[in-house]
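Some notes on the structure that comes next.
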Amino acid sequence: MGMLQPILVYITLAIAVGFIVRKFFLPKSLFVSKGAHKRKEKGCGQDDCGCH
Amino acid sequence: MSKQINVALIGNPNTGKTSVFNQLTGLKQKVGNYPGITVEKKEGVCKLPRGVKAHILDLPGTYSLNTTSLDESVAVELLLNKNDKDHPDVAVVISDVENLKRNLLLFTQIKDLRIPAILVINMADRMTRTGISLDIPLLEEKLDTKIALVSTRKGTGIDRLKELISEYKTLSRNPNVDTTVIEPSYFERLKETFPNQDLYKLWLVITQDVNFMPIEKMLIKDSSSFTTKSKSELKRLQQKETILRYQFINGILKETYKIDIAAAKGFRASLDKILTHKIFGYLIFFVILLSIFQAIYDWSGYPQAIIETFFASASEWVKNTLPPGVFTNLIAEGVLSGIGGIVVFVPQIAFLFLFISLLEETGYMSRVVFLMDKLMRPFGLSGKSVVPLISGTACAIPAVMATRTIENWKERLITILVTPFTTCSARLPVYLIIIALVIPKGRFLGLNYQGLTLMLLYLIGFGAAILAAMVLNRILKIKSRSFFVVEMPNYKLPLFKNVVFTVWEKTKSFVVGAGKIILAIAIILWFLGSNGISDNFKNAEEIVEKRIASEGLSDFNRSNIESGLVAYNEALRDSVQNEVYRIDAAAIADSLQQRKEALFETAKNQEISSFKLENSYMGYMGKAIEPIVKPLGYDWKIGIAVLTSFAAREVFVGTLATIYSVGSDEENTDTITQRMAAEVDPTTKKPIFNLASGISLLLFYAFAMQCMSTLAVVKRETNSWKWPTAQLVFMSTFAYLVALIAYQVLK
């Protein structure tokens with residue numbers, strides 16, 4: 001039971017670091033699937049509008 | 001036998017197209033005042049001079065030939081299809097005199113289809129009231145067409161229109177704009193593939209389904225010679241076409257369309273005269289800004305106090321309810337402190353957006369744009385730059401995107417580069433907390449100092465943007481012509497729903513958008529501040545207790561305990577004198593002793609946590625950058641906050657909230673501001689947050705480019721890393737130098 005709290009802390013930390021790295025340091029294209037791209041084109045039709 | 005010609009009535013919604021149709025045909029049709037009233041094709045017959053009959057079609061309203069809806073596509077398909085029995089011999093383009101610029105976009109597109117086109121300028125009766133004057137012969141010459149100045153309300157100009165329709169064969173079929181210049185190579189390939197086709201018509205057919213639905217096209221076996229890579233590329237070319245058309249229109253309207261506000265009449269005109277007056281206009285704008293910033297401070301106090309108490313109680317509740325351990329500490333000290341440090345500023349941010357939204361809804365913002373144009377022009381900006389600059393008070397990202405309305409590339413680039421100087425909402429929490437720490441709460445002539453300081457910071461940001469624009473205007477060697485045409489909406493009472501929606505959306509996007517980043521950084525910072533590998537960190541309690549035993553507490557803590565005891569003693573004696581308590585002298589001495597011990601224990605724990613923090617991972621990082629920030633009056637803790645806020649400015653407050661709550665036993669009772677105010681420089685023994693370091697910090701944040709997302713948007717809008725890099729280097733260096741000078745002068 002005593003080990004649970006440190007484990008939770010490390011999991012939370014890993015999620016936080018992962019989020020920051022993904023947000024600021026990795027290119028967005030790595031996370032865009034083909035399906036998502038298709039949906040985007042059907043959306044407003046403008047790739048550089050910043051709305052998606 | 002009389003001839004019958006096809007006439008198409010086309011125009012933007014709300015230009016009075018249906019009224020013109022009624023007056024030409026005599027048919028009665030309902031006329032509304034909302035877009036899209038003519039959702040289907042309407043037809044009628046009109047008798048023209050010299051025995052000519054006209055079959056009149058009232059087409060659905062459309063803003064351009066780049067359609068976005070089904071009813072708009074009806075109009076475009078008819079214009080493109082020569083085989084349609086209703087294909088017009090002449091197009092009558094209806095425009096509204098007050099919105100001529102927007103209406104002419106559609107006119108130039110129809111003209112470029114080589115369809116004979118007559119321009120009807122409707123609502124001519126409003127010209128006197130609005131102070132508009134038109135040089136019709138020159139406008140006819142520039143647009144290569146014939147114009148009928150019409151007032152459907154007064155029934156004037158219809159005969160002239162009928163005359164022009166009957167003489168349609170004399171109308172020029174020459175295009176207004178050479179669209180091929182937007183991408184010469186593309187149009188060259190198109191011409192090679194379809195040698196006998198009209199290029200602009202082809203271009204409209206190709207781009208038709210970019211916005212809406214595909215129309216039937218001829219199948220081409222090999223389309224590789226002219227097809228573009230993607231729809232987004234076609235969309236980009238379409239945007240270039242629109243900009244090209246507006247450049248053409250602006251050039252013409254500059255010579256032919258004048259608004260003399262002094263000559264305008266009526267309530268709206270009278271109000272316009274005052275609000276756009278060259279002295280009163282600026283004065284009113286200044287007073288409105290001043291009132292807004294005063295209200296932000298005066299009205300936000302109570303909700304902020306409630307939020308602060310809520311987060312302090314939540315932190316305490318978590319500690320008392322969850323089992324003790326590191327994860328409980330993370331929730332109580334890292335997560336809740338970080339988020340609480342931002343949520344506390346929601347009332348002020350909501351009030352700011354409430355006022356901005358009210359100004360936009362009433363129509364006043366357009367008057368500000370008009371007013372500021374004269375002021376902006378000498379600095380290489382246009383009145384339209386005011387929209388991004390004011391939008392920048394919310395967030396630089398949409399503001400940079402809002403520069404797309406500026407047709408002139410040089411003005412647009414300058415606006416993009418200087419917009420991040422304006423005070424965005426992310427700076428607001430930083431300003432608010434520093435102002436609360438270093439600016440006294442007094443009032444001068446009823447205006448509180450803190451509100452005045454906040455307004456001054458907004459003006460500094462705006463001033464920096466203007467000065468930077470002036471410098472860039474001289475440095476950048478980009479040749480371009482500049483025009484300014486703006487639509488003035490009618491004054492109206494703000495719609496409650498719209499205002500509430502805007503405030504909700506903006507505040508939510510700030511809290512949710514920034515909140516995720518702040519939460520993640522708060523967690524990382526808490527970890528770095530609560531862990532360390534050195535012996536000093538591991539044996540912090542033992543080391544500090546030994547030091548206190550031999551040297552005693554720090555001077556600050558000693559004086560803090562003394563003043564705390566004096567205050568407690570006075571309060572106790574007052575209570576005894578007022579017979580709140582009935583206790584003897586011995587009991588008073590005993591109570592004082594207990595208080596002293598409690599204060600000593602608190603001070604000892606604070607020194608232990610401070611020592612641990614200094615020897616944690618975060619402490620080492622902070623110490624590494626301390627030589628850089630020390631000359632600005634910052635300690636390593638502020639240095640860490642400045643460093644992390646390069647991701648986004650608002651992270652500064654969350655970081656400090658996390659740093660000062662780490663290991664502290666007082667976070668449950670002290671707010672973050674009080675905790676920061678108690679911070680003392682170990683060498684000078686003076687508060688860390690004093691007037692000199694506070695002003696230095698405020699100025700650093702006023703000028704520094706600390707937002708990764710804005711840099712990314714600037715890169716996208718300028719299509720180059722050159723401009724965002726220059727922006728980052730220049731703004732950061734400038735901010736450092738200004739903060740350095742401010743601290744060194746004021747310390």
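Yeah, the Cβs are placed from backbone N, Cα and C, and that goes for glycine too.
Look at TrEMBL and you will find B:11-18, B:36-40, B:58-61, B:122-125 tagged as GTP binding site. Residue density at B:ASN14 (GTP binding site): 16 other Cβ atoms are found within 10 A of its Cβ, drawing on all protein chains shown. In the three-state DSSP classification, B:ASN14 (GTP binding site) falls within coil.
Packing around B:ASN22 (Mg(2+) 1 binding site) is summarised by its Cβ count: 19 other Cβ atoms lie within 10 angstroms of its Cβ, all protein chains included. Per TrEMBL, the feature Mg(2+) 1 binding site maps to B:ASN22.
Non-local contacts of B:THR25 (Mg(2+) 2 binding site) by the CB criterion (under 8 A, 6+ apart in sequence, same chain) comprise B:GLY44, B:VAL45, B:CYS46, B:ILE56. TrEMBL lists B:THR25, B:GLY26 with the feature Mg(2+) 2 binding site.
If you look up TrEMBL, you'll see B:4-171 marked as domain 'FeoB-type G'.
Long-range contacts of the transmembrane segment (B:279-297) within the same chain, counting only residues at least 6 positions beyond its ends with a Cβ under 8 Å from a Cβ of the stretch, are 348, 351-352, 355, 359, 367-368, 371, 375, 447-448, 450-452, 454-455, 458. Annotated transmembrane segment per TrEMBL: B:279-297 (among others), in sequence order.
Annotation source TrEMBL lists transmembrane segment at B:335-359 (among others). Among residues of the same chain six or more beyond the transmembrane segment (B:335-359), those with a C-beta under 8 A of the stretch's C-beta atoms are 288, 292, 295-297, 299-300, 303-304, 307-308, 310-312, 314-315, 318, 365, 368, 390, 393-394, 425, 428-429, 432, 494, 498-499, 502-503, 506-507, 510-511, 514-515, 518-519, 521-523, 525-526, 650, 653-658, 661, 667, 672.
Taken from TrEMBL, the feature transmembrane segment applies to B:379-401 (among others). Sequence-distant neighbours of the transmembrane segment (B:379-401) (same chain, 6+ residues past either end, Cβ-Cβ under 8 Å): 352-353, 356, 365, 368-373, 408, 410-411, 414-416, 418-426, 458, 462, 465-467, 469-470, 472-474, 476, 482, 484, 486, 506, 509-510, 707, 709-710, 713-714, 717.
Sequence-distant contacts of the transmembrane segment (B:413-439) (same chain, at least 6 residues past either end, Cβ-Cβ under 8 Å): 341-342, 344-345, 348-349, 352-353, 380-381, 385, 388-390, 392-396, 399-400, 403, 406, 449-450, 453-454, 457-458, 461-462, 464-466, 468-469, 472-473, 476, 478, 506, 510, 514, 645, 648-650, 652-653, 656, 672-673, 676-677, 689-691, 693-695, 697-698, 701-703, 705, 707, 710, 714, 717-718, 723, 726-727, 731. Positions annotated as transmembrane segment by TrEMBL: B:413-439 (among others).
Packing against the transmembrane segment (B:451-472) from elsewhere in the chain are residues 289-290, 293-294, 296-298, 376, 378-381, 385, 389, 392-393, 413-415, 417-419, 421-423, 427, 431-432, 435, 439, 444, 698-699, 702-703: each is 6 or more residues past its ends and has a CB under 8 Å from a CB in it. Annotated transmembrane segment per TrEMBL: B:451-472 (among others), in sequence order.
When Cβ-Cβ distances below 8 Å are used as the criterion, the transmembrane segment (B:510-528) is approached by residues 329-330, 333-335, 337-339, 341-343, 346, 349, 395, 425-426, 616-618, 621, 640, 644, 647-648, 650-651, 654-655, 657-659, 662 of the same chain, each at least six residues removed from its ends. The annotation transmembrane segment is assigned in TrEMBL to B:510-528 (among others).
According to TrEMBL, the transmembrane segment annotation covers B:695-714 (among others). Same-chain neighbours of the transmembrane segment (B:695-714): 396-397, 400-401, 416-417, 420-421, 423-424, 426-427, 430-431, 434-435, 438, 453, 457, 460-461, 464, 632-634, 638, 642, 645-649, 652, 723-724, 727-728, 730-732, 734-736, 738-740, 742-743, 746, counting only residues six or more beyond its ends whose CB sits under 8 Å from a CB of the stretch.
Residues or ranges marked as transmembrane segment in TrEMBL: B:726-746 (among others).
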Which of B:GLY26, B:PRO60, the listed binding-site residues, has fewest other Cβ atoms within 10 Å: B:GLY26
Nearest-integer angstrom distance between the alpha carbons (Cα) of B:PRO60 (GTP binding site) and B:ASN22 (Mg(2+) 1 binding site): 15
Pairwise CA distance, B:LYS17 (GTP binding site) versus B:GLY26 (Mg(2+) 2 binding site), rounded so that it is a whole Å: 14
C-alpha spacing of B:GLY26 (Mg(2+) 2 binding site) relative to B:GLY11 (GTP binding site), in angstrom: 20
DSSP three-state assignment (helix, strand or coil) for B:PRO60 (GTP binding site): coil
DSSP state at B:MET123 (GTP binding site), helix/strand/coil: coil
Alpha-carbon spacing, B:MET123 (GTP binding site) to B:ASN22 (Mg(2+) 1 binding site), which is rounded to whole Å: 15
B:ASN14 (GTP binding site) versus B:ASN22 (Mg(2+) 1 binding site) - Cα distance in angstrom: 15
